[in-house]
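Participant: Supplied in structure tokens, the structure appears directly below.
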Amino acid sequence: MKEGVAIYPGTFDPFTRGHEDLVRRASLLFNKVVVAVAESHGKAPIFTLAERVEIARDVLAPFPNVEVTGFDGLLMDFLRQRDARLILRGLRAVSDFEYEFQMAGMNRKLFPDVETVFLTPAEEYMFISATMVREIARLGGDVSKFVQPAVNERLLQKVSLKR
């Protein structure tokens, strides 16, 4: 039986096969999954917010109960606007758990009704991080195993412009 709405926030710079796998599996668990692409003022993303939203929409088009939207500001404000109470996060390793555990606690302090649900990635995606994918691409490495072909093409265009 599927449950309500899950908000899956992130920078998604770039949107990886690991992100896609998590959304695919979440779409089987929840009535609706909202992929909330963050503006991310504290980071220097390769792709603009609009580009990251477009890329995620393209990758996730096969999933009818998935919506992709951008947002700026506090995640808790976004949840309130959406009348949502569930945050979906992926956990790849123990190092992810410590950070995500702290964030879940802080989010609950800001919005006591919120719950955070963690999914672990499929084994083949456990090591993929968008940060590593960006760095490998910047250094001229092949990231085609970690992202969809259209994402790889756009990533190659971006990094070649920055060289």
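Each Cβ is built from the backbone N, Cα and C atoms, and glycine gets one as well.
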Participant: According to Swiss-Prot, Thr11, Phe12, His19, Gly90, Leu91, Arg92, Tyr125, Met126, Phe127, Ile128, Ser129, Ala130, Thr131 bind ATP; identify which of Glu100, Glu115, Glu153 is listed for that same site.
Facilitator: Glu100
Participant: Where among the binding-site residues His19, Arg89 do you find the Cβ with the fewest other Cβ atoms within 10 Å?
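Facilitator: If we count Cβ atoms within 10 Å for the binding-site residues His19, Arg89, the smallest count is at Arg89.
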Participant: Rounded to whole angstrom, what's the largest C-alpha distance between any two of Thr11, Lys43, Leu75, Arg89, listed as binding substrate?
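Facilitator: For the residues that bind substrate, the greatest Cα distance is 19 Å.
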Participant: Run through the Cβ atoms and count how many others sit within 10 Å of the one on Met126 (ATP binding site).
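Facilitator: If we count other Cβ atoms within 10 Å of Met126 (ATP binding site), we arrive at 14.
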